[in-house]
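Student: Structure in structure tokens, see below.
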Protein chains: 4
Amino acid sequence: MAIVLGPNRYGKAETRLVRVHRDGETYGLVDFNVSVALSGDLAATHQTGDNSGVLPTDTMKNTVYAFAKQHGVGEPEAFALLLARHFVKTQGQVDSAKVSVESYAWDRLGPHSFQKRGDYTRTTVVTVSREATQVVSGISGLVLLNTTASEFHGFVKDRYTTLPESTDRILATAVDAKWRHLGDAADWATSFQGALDAMTGAFVNTYSYSLQQTLLSMGTMVLTNRPELAEIRLTLPNKHHYLVDLSPFGLENDNEVFIAGDRPYGLIEGTVTRDDAAPASAEWYL
Amino acid sequence: MAIVLGPNRYGKAETRLVRVHRDGETYGLVDFNVSVALSGDLAATHQTGDNSGVLPTDTMKNTVYAFAKQHGVGEPEAFALLLARHFVKTQGQVDSAKVSVESYAWDRLGPHSFQKRGDYTRTTVVTVSREATQVVSGISGLVLLNTTASEFHGFVKDRYTTLPESTDRILATAVDAKWRHLGDAADWATSFQGALDAMTGAFVNTYSYSLQQTLLSMGTMVLTNRPELAEIRLTLPNKHHYLVDLSPFGLENDNEVFIAGDRPYGLIEGTVTRDDAAPASAEWYL
Amino acid sequence: MAIVLGPNRYGKAETRLVRVHRDGETYGLVDFNVSVALSGDLAATHQTGDNSGVLPTDTMKNTVYAFAKQHGVGEPEAFALLLARHFVKTQGQVDSAKVSVESYAWDRLGPHSFQKRGDYTRTTVVTVSREATQVVSGISGLVLLNTTASEFHGFVKDRYTTLPESTDRILATAVDAKWRHLGDAADWATSFQGALDAMTGAFVNTYSYSLQQTLLSMGTMVLTNRPELAEIRLTLPNKHHYLVDLSPFGLENDNEVFIAGDRPYGLIEGTVTRDDAAPASAEWYL
Amino acid sequence: MAIVLGPNRYGKAETRLVRVHRDGETYGLVDFNVSVALSGDLAATHQTGDNSGVLPTDTMKNTVYAFAKQHGVGEPEAFALLLARHFVKTQGQVDSAKVSVESYAWDRLGPHSFQKRGDYTRTTVVTVSREATQVVSGISGLVLLNTTASEFHGFVKDRYTTLPESTDRILATAVDAKWRHLGDAADWATSFQGALDAMTGAFVNTYSYSLQQTLLSMGTMVLTNRPELAEIRLTLPNKHHYLVDLSPFGLENDNEVFIAGDRPYGLIEGTVTRDDAAPASAEWYL
């Protein structure tokens with residue numbers, strides 16, 4: 001028996017990049033949070049502190065900024081691919097580079113003026129190894145709510161069950177979703193917008209008997225509409241809205257007044273996949 | 001010399017209220033965070049634990065929910081006035097009631113479907129005493145950015161000054177503003193939208209030599225456009241965007257690549273007021 | 001009628017300073033978050049962008065770091081006084097300097113090793129004007145809980161009251177307190193520890209019929225034990241612990257199983273003061 | 001080709017449980033945040049909204065509270081095992097139950113009085129399936145700092161490298177670690193304390209040439225001291241402390257004055273394992 005080093009990686013997390021592009025009098029704005037993680041032959045630095053195979057994380061940060069100048073910054077997937085390929089290509093000791101980007105949207109107010117949107121964050125995680133390239137796109141913090149068209153009943157009852165059955169409830173969630181692309185080239189902007197519209201449309205149009213049912217509808221609609229995608233993982237908190245008991249005050253509450261609860265919350269997680277898609281080449285939804 | 005009880009108040013904070021209104025097949029949604037604070041003759045509970053003058057904070061919470069049913073919920077200022085007046089009217093020992101509301105906006109996706117916006121929070125603080133009623137409206141978390149049309153130079157230099165003068169910089173801030181109404185009746189929705197548009201317009205259109213100058217422009221525009229307002233207090237963090245030094249990589253950086261800094265940040269605070277407005281009847285911008 | 005500039009100030013917020021002091025092989029560690037705000041004759045920068053009276057906030061940051069080297073860093077009150085006096089003394093256009101410090105405590109693990117404590121943050125706010133110097137010390141995030149020795153009954157009942165009376169409940173709070181010193185010189189470390197011990201002791205030893213009663217006990221004990229203090233302001237959220245109804249499962253709950261609630265919460269605020277203390281020379285508890 | 005449901009699970013997250021135990025006049029306090037996730041035959045609810053195999057997440061919450069009464073609450077691993085086994089045993093459609101607990105420590109101030117510590121959170125993730133039981137313990141938020149005895153040099157230099165080599169720097173991290181037990185029975189309290197002491201001791205006593213080297217030392221010490229453990233995964237942010245350039249002020253900075261940076265940060269992740277340990281039966285460090 002021996003105690004040995006297992007899987008490991010290292011990198012620079014949360015490099016905050018703002019890139020301005022000028023087109024005459026009109027300015028464009030890109031706002032990213034970039035994280036890089038490299039893995040490969042890193043035993044020496046762990047075992048003896050020999051850093052001869054360690055590209056400093058400070059250099060990764062510099063590379064993000066230099067590439068932003070040299071190549072410009074467009075879609076997050078493209079920028080992440082550029083960075084990940086660079087590290088694998090130039091660092092022989094690196095087997096795999098994972099580049100994650102959070103992208104924040106701004107609305108234009110004028111030729112050089114912007115207002116930050118806060119409705120959701122667009123995400124990407126690109127993993128480039130010597131064998132394969134994997135692109136995952138996603139979204140976090142998209143909060144959706146239906147005031148009706150949601151029921152929940154017919155569930156298991158055991159000794160500890162007190163929940164009444166409901167034929168009309170609020171259904172609300174904060175969508176955290178990631179979807180894996182079949183390839184490493186796409187019209188990233190169109191693909192993202194299409195996936196978002198499919199998810200949102202399915203949430204709105206599904207008459208729901210469980211949040212699980214809504215989840216499967218959302219995932220299925222995304223894969224139906226976006227042939228370039230292999231699979232999607234949705235993590236949906238069930239943001240409970242509790243009907244207030246107004247009977248002590250002689251008032252009825254016909255699904256009008258709710259407490260928006262913080263904790264606990266339901267948490268529904270599920271994957272929807274094409275059954276003939278090649279398996280993922282790296283962790284993809286974590 | 002004696003040790004005595006000084007100013008005090010108590011209440012229920014952060015009651016989360018979601019109110020659904022139905023108009024045929026179409027549903028409306030109001031999403032509030034309500035806080036109540038009462039002051040008055042409260043010496044007994046402090047000194048002996050005699051609670052005969054204490055309306056429980058749990059009752060305040062119940063009142064928020066019951067009023068939401070009984071009166072419906074429209075503009076936050078109106079709902080806060082209703083609550084504050086109720087507590088002063090029905091509780092003889094209460095001299096003053098302060099009701100604060102944070103209001104979260106949702107975009108409609110369908111007759112019963114909504115997506116949460118996250119661009120800013122609308123706020124109100126209403127203070128009703130036996131002598132006066134004061135209504136303050138406001139906003140928090142409105143993030144604005146100009147990519148150019150901002151300079152900063154001609155400032156004091158002392159032994160510790162190293163900042164270079166700049167004739168072109170990013171100017172970005174997260175607006176936190178409160179404005180006091182002259183009266184206690186207004187078209188609250190129109191007033192809020194008008195104040196927001198004035199602030200945003202002034203930020204966009206001011207060629208700025210300091211964030212202070214932008215602040216005064218924003219405040220002046222709000223008071224100019226909104227005659228129903230007495231004064232406005234703006235708290236503007238200067239969200240620094242640092243130009244990256246790309247010269248070690250043989251690259252120029254012509255105001256294109258920036259680090260979005262977290263801390264420290266500048267903090268510019270200022271009030272703009274009508275010189276003939278009656279003074280505030282209660283703390284109003286804290 | 002005219003629209004005019006009212007009260008204003010500006011500065012650098014949240015400069016993060018870590019200062020290491022060496023004493024032979026033993027290292028000391030100070031960890032501060034420092035904010036500076038200056039007010040005075042600042043009309044020009046607001047009105048025309050003339051910055052000839054504006055010391056850059058970047059210079060304030062530099063001054064924090066330079067002073068940390070030149071003078072060392074000991075108690076937060078002393079360091080804040082040093083900084084505030086410097087700005088008022090060297091900048092003729094400045095009438096008043098407010099320096100706030102959050103101080104984070106670390107436990108020693110070895111001659112050069114430390115583990116961060118997270119039990120509370122020590123705070124200070126020093127305001128130096130040409131007329132007066134005011135020192136406020138404080139604490140935030142000190143979470144205290146009594147599992148018993150707390151009752152709440154005899155309160156007002158109105159139409160909206162449903163809360164049952166209680167003769168045994170959990171009492172829990174997160175203490176946020178600020179206390180104003182009579183002078184500008186003290187043994188700051190001893191004074192802070194004494195105030196903390198007095199507050200904590202009073203919380204533990206007060207058989208409580210309301211959180212207001214506990215608040216007054218805490219404040220009174222602080223002023224009784226610390227003659228150097230003029231007054232104290234306590235902000236005490238009532239962190240509700242709800243007794244779980246286990247009767248549907250055929251179980252009793254004799255004050256054993258609780259839900260720790262997030263929102264809403266009670267909020268109890270009060271000041272305890274010496275009736276012969278000179279009034280504050282600046283805002284002191286906000 | 002078909003679009004199909006892939007891996008999925010559901011449960012109740014963040015049930016906040018406070019349990020008081022009385023021993024005569026002395027009270028004990030346990031403060032947990034409990035999350036439950038079940039997987040198994042859940043296709044029907046996804047596909048048709050047929051909930052006949054769905055135990056409501058509300059029932060999971062009730063079970064947490066009822067079990068706290070029926071069985072008392074001791075070590076988090078034991079409580080998580082009890083819950084996870086209950087769900088697998090009583091719900092035939094459930095293949096696997098994952099129960100996660102965050103445990104918050106309180107210091108005793110008196111027979112019924114406590115002060116919350118904030119130095120770290122103790123964690124556990126127990127996964128019980130029909131084939132195997134896996135217990136993972138861990139810690140998050142343990143912030144450690146060495147003021148010296150850390151170097152970083154000899155690293156790769158490429159076109160984008162500007163970092164100077166250092167022979168004396170601050171090394172600081174916020175330890176997030178999880179360790180997998182070989183079995184499902186242990187003296188959980190002793191095991192946790194032993195692992196914590198080993199990690200902390202290794203951090204303090206390792207003269208470090210890279211944070212990776214410190215990571216391997218920490219993991220090795222834990223496995224060396226705790227024979228009941230199979231492997232450990234450490235996630236160590238490199239919390240950068242930047243030396244301030246004081247030369248513009250004519251001052252030297254001999255590793256005395258530092259900026260504590262927020263973002264970006266290094267992120268070092270690695271696993272240390274016994275080479276003869278059986279593989280994990282479920283995801284264990286995610």
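From the backbone N, Cα and C atoms, a Cβ is placed for every residue, glycine too.
From TrEMBL, here are the annotated features:
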type: ACT_SITE; residues: A:THR57; note: active site, charge relay system
type: BINDING; residues: A:THR57, A:PHE152, A:ARG169, A:GLN212, A:ASN238; note: 5-hydroxyisourate binding site
type: BINDING; residues: A:THR57, A:ASP58, A:PHE152, A:ARG169, A:GLN212, A:ASN238; note: urate binding site
type: BINDING; residues: A:THR57, A:ASN238; note: O2 binding site
type: ACT_SITE; residues: A:GLN212; note: active site, charge relay system
type: ACT_SITE; residues: A:HIS240; note: active site, charge relay system
Student: Among A:THR57, A:ASP58, A:PHE152, A:ARG169, A:GLN212, A:ASN238, which the record lists as binding urate, how far apart in Å are the two most distant Cα atoms?
Tutor: 52
Student: From the recorded positions A:ARG169, A:ASN238, A:HIS240, keep only those with a C-beta under 8 angstroms from any C-beta in chain D, and list them in sequence order.
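Tutor: Listed recorded positions meeting the cut-off: A:ASN238.
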Student: Can you grab the distance from A:ARG169 (5-hydroxyisourate binding site) over to A:HIS240 (active site, charge relay system)? Cα atoms, rounded to a whole Å.
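Tutor: Spelling it out, the Cα of A:ARG169 (5-hydroxyisourate binding site) and the Cα of A:HIS240 (active site, charge relay system) are 10 Å apart.
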Student: List only the single closest residue to A:ASP58 (urate binding site), chosen from the recorded positions A:PHE152, A:GLN212, A:ASN238, A:HIS240 by CA-CA distance.
Tutor: A:ASN238
Student: When DSSP is mapped onto helix/strand/coil, what comes out for A:ASP58 (urate binding site)?
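Tutor: Going by the DSSP assignment, A:ASP58 (urate binding site) falls within a helical segment, counted as helix.
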Student: When DSSP is mapped onto helix/strand/coil, what comes out for A:GLN212 (5-hydroxyisourate binding site)?
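Tutor: Looking at the DSSP assignment, A:GLN212 (5-hydroxyisourate binding site) belongs to a helix.
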Student: How many other Cβ atoms are found within 10 Å of the Cβ atom of A:HIS240 (active site, charge relay system), counting all protein chains shown?
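Tutor: The answer is 21 other Cβ atoms.
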Student: Calculate the distance in Å between the alpha carbons (Cα) of A:GLN212 (5-hydroxyisourate binding site) and A:THR57 (active site, charge relay system), and round it to a whole number.
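Tutor: Here the two Cα atoms lie 41 Å apart.
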Student: Write down the Cα-Cα distance for A:HIS240 (active site, charge relay system) and A:THR57 (active site, charge relay system), rounded and given in Å.
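Tutor: Computed Cα spacing between A:THR57 (active site, charge relay system) and A:HIS240 (active site, charge relay system) is 42 Å.
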Student: As a test of the contact definition, list every same-chain residue at least 6 positions from A:PHE152 (5-hydroxyisourate binding site) whose Cβ is closer than 8 Å to its Cβ.
Tutor: A:GLU165, A:SER166, A:ARG169, A:TYR209, A:SER210
Student: Let me know how many other Cβ atoms fall within 10 Å of the Cβ of A:ASP58 (urate binding site).
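Tutor: That number is 19.
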Student: Just counting, how many other CB atoms are there within 10 A of the CB of A:ARG169 (5-hydroxyisourate binding site)?
Tutor: 20
Student: Relative to the Cβ of A:ASN238 (5-hydroxyisourate binding site), which residues of the same chain, six or more apart in sequence, are found under 8 Å away?
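Tutor: Same-chain residues close to A:ASN238 (5-hydroxyisourate binding site) (Cβ under 8 Å, separated by 6 or more) are A:LEU171, A:ALA172, A:THR173, A:LEU211, A:TYR265, A:GLY266, A:LEU267, A:ILE268.
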